[in-house]
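Working notes, structure below.
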Amino acid sequence: MVESTCFHCGNDCDKNSINYDQKTFCCNGCKTVYDIFSNHDLSCYYDLQSAPGAIPKEIEGKYDYLDTPAIAEKLIEFDDDNTQIITLYIPHIHCSSCIWILENLHKLQPEISVSQVNFPKKTVRITFNNKSISLKEVVSLLSTIGYEPYISLEDYSTGAQQINRSLIYKLGIAGFAFGNVMFLSFPEYFEVSEFWLERYKHTFRWLMFAFSIPVVFYAAQEYFISAYKGLRSRILNIDIPIALGILALFMRSTIEIIFDWGTGFFDSLTGLVFFLLLGKFFQQRTYSFLSFERDYKSYFPIAVTRISKDNKKEKSIQVYDIKKGDRLLIRNRELIPVDCILIKGDAQIDYSFVTGEREPVVKQSGDKLFAGGKQMNAAIEIEAIKSVEQSYLTQLWSNDIFTSKASVSFTNLTDTISKYFTIVILSIAILATTFWIIVDATKAIHVFTAVLIIACPCALALARPFALGNILRIFGKHKFYLKNTDVIEQLAQIDSIIFDKTGTITTATSGAIQYHGMPLTPEEESLLKNTLRASNHPLSRKLYAILDQYDIMTLDDYQEYLGKGISGTLDQDHIKIGSSDFVGGTTITEKLNTSVHISANNTYKGHYSFHNQYRNGVQSIFEALSKDYELTILSGDNDGEKEYLTKFLPEETTLLFNQKPNNKLNYIKSLQQKNQKVVMVGDGLNDAGALKQSNVGIAISENVNVFSPACDAILDASKFDQISTYLTVSKNGIRIIKSSFVLSFIYNIIGLFFAVTGQLSPIIAAILMPLSSISVVLYVTLLTNISCKKISKST
Amino acid sequence: MGVIYILLTISIIVAIVFFISFIIAVKNGQYDDVYTPSVRMLFDDEIVKDQNAKPSKTTKTKQS
């Protein structure tokens, strides 16, 4: 058979592939979606992008809660008599085909009138007729075509969000005023006394004044507020000289035109504000499809199914309404929202949200289950023993670090410099003024304002946003997503790096499996494979996948012993697979590795052990980092791998095992008390506290569309080996900014010369200000681009 | 003489008209998502082509 990929989802097709309509499909789900699309004339979906689809998941009963009006009400944005609008987050949106199909939903379901995709946010806004179809039907329709929306507890609590567009308004106003003022001030640049000019210049000047009013009082508002706040908390931030400059420009220009002394500096004033806002806009770039503020709410479902004790009726209830003692039904792939006791059913709990460990854990009835686990098997019944807020996992969020909004006031580079800058500028202004009072008192006030105007640190304020904004974008292209530009600066300062083990330096995808013991005969191996085929246990599936292909045979006897193992019989041969006790093997010194023991015909054969697979390049990364940073591994697991880790990691690495989420947080706190700047690299919700406490929390994610805990940066797992490059680039970035400060100081000195000698004319200001800003912006953009070449090269 | 005032008024009115239309555009959310429309505008062509030359199109996809 020719190797082929699924026409719908692009996955590799194995033997079970389906041929239909001359196309190959990996599973029935994909075929069904294709069928739906081709029946509705939507096969164009496959022309825009090859294999754009996703396998539709089983959703039976999962969205029943959407029929509960109280829950649906919270999600729906707009509700008229017969029209409803809802915005749904769909993680699968990734290409133009997705946009196309989702905006053509009305062809599939005529009751949907409009659907509009926001691609960067991965949301679709659907308007539908709620008399004919319900919200639940809309969601199920999306799920059947492979676009299952993600609805979490977070949607429930936040509701409709307000988008802040004030920066765009401000930028628009400043740009509008800047352009017009430039036109109006142009005639006077040449200082020719001509009849027309003399006659109309007053009109021109007052028009410029009118244009600059909204710029000063609306667009530049933030600088005044920030300067005021800085003064009140006794910090001389960069906004103080900016605010002073703007104020000086506006006051002096107004006085000049009132007394007919000159044209004023309205052009420089509006230009300055426009450039400053542009810098802010450039820096503001965020990844709207990623969220850096997630807590457990974005992982948890909105509602669960409660089974009433008296009449066994199922009813959807809001998770916050779960009370101690409630009987709940958890379906396949649903999340357990509370700490509970398993009552009925086979539980295979995947705690990857919590620990990063993707190996499902098998539980039996009577066992305690913790909130945050995902059921991977058929539906189970549980009894809640706590409420949602009091569960083990959610309690972490009641720690001070989450409740206090204390963003440890981080003073960035420009603020550090501006402290000295402001003092120097003010003293120059005062000195120059006193000098001119003695020499020529009429000029004194001119010189004072001129110094404040020219010293306005436009270039200084622009260097950082443009340099860091550019690095931020380049990092984003290389799958390292930062929350904001401050993170780069903080990355450049760190001296200690802490790694979580499971899921961070180990991969979840492929564990190495090794066999120890007597070699198995082909017959035994064939029997082993066939016995494993019947089992759904995650370890069985893994082992099954690595064994060679054998013909499929029907077993004479197959038995599964819960929590112990499985056994199979064929003809005369009998095989037992499972724990050491069950197999009856010689109890060799039980290693802490997960292992599966095998015995055939009652003789012990050996065992397969499952190792954690470390990511590629872990060793070289640690080696490279250990030169400059203190490294620590904090693992929530037992110390089974300690020996191995000490062997292959640099000697100085500190290894700590059995760390609870709170231990991790406290460990970082203790390092910080020793004045260390700490980076935490983690992945699961159990690292959430540590990620928050650290100076920079980096979440490693196999798939950035899947959820990661609150952090400062999200790193795609495939780029794990690039960590040290990102750190060096951040450091270089800071160096580039510092060097650009030198450049802007030179401009300031030239400007100050004009100002102090009392010959600052509007035209000099109008040339010098944009010139300095633009050249500094070009300088930093160019240099950061060059320094980031390193990342592209090494990938 | 007064012509310059007329010109000034006109130029400022034109500028303000554009400015107001910009504000309205922002208010309507046209700047919230600057990526999707760029993809969406290419679709209409695709669909029209699909309807006009449907038979050839479907056979083409089947062959591929």
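Heads up, the Cβ atoms here are built off N, Cα and C, so glycines get one too.
What TrEMBL says about this one:
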{"type": "DOMAIN", "residues": "A:84-150", "note": "domain 'HMA'"}
{"type": "TRANSMEM", "residues": "A:167-186", "note": "transmembrane segment"}
{"type": "TRANSMEM", "residues": "A:206-224", "note": "transmembrane segment"}
{"type": "TRANSMEM", "residues": "A:236-255", "note": "transmembrane segment"}
{"type": "TRANSMEM", "residues": "A:261-282", "note": "transmembrane segment"}
{"type": "TRANSMEM", "residues": "A:420-439", "note": "transmembrane segment"}
{"type": "TRANSMEM", "residues": "A:445-463", "note": "transmembrane segment"}
{"type": "TRANSMEM", "residues": "A:740-757", "note": "transmembrane segment"}
{"type": "TRANSMEM", "residues": "A:763-783", "note": "transmembrane segment"}
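Sequence-distant neighbours of the transmembrane segment (A:261-282) (same chain, 6+ residues past either end, Cβ-Cβ under 8 Å): 167-168, 170-171, 174-175, 177-178, 181-182, 185, 188, 201, 205, 208-209, 211-212, 215-216, 219-220, 223, 242, 245-246, 249-250, 252-255, 453, 456, 458, 461-462, 465-466, 469, 762, 765-766, 769-770, 773, 777. For the transmembrane segment (A:420-439), same-chain residues at least 6 beyond its ends with a Cβ under 8 Å from one of its own Cβ atoms are 236, 238, 240-241, 445, 447-448, 451-452, 455, 457, 460, 752, 755-756, 758. A Cβ distance under 8 Å defines the sequence-distant neighbours of the transmembrane segment (A:740-757), meaning residues of its chain 6+ beyond its ends; these are 417, 428, 432, 447, 450-451, 453-455, 457, 459-460, 463, 467, 764-765, 768, 771-772, 775-776, 779-780, 783. Helix, strand and coil residue tallies for the domain 'HMA' (A:84-150), in that order: 22 helix, 20 strand, 25 coil [DSSP]. Mean model confidence for the domain 'HMA' (A:84-150) is a pLDDT of 84.
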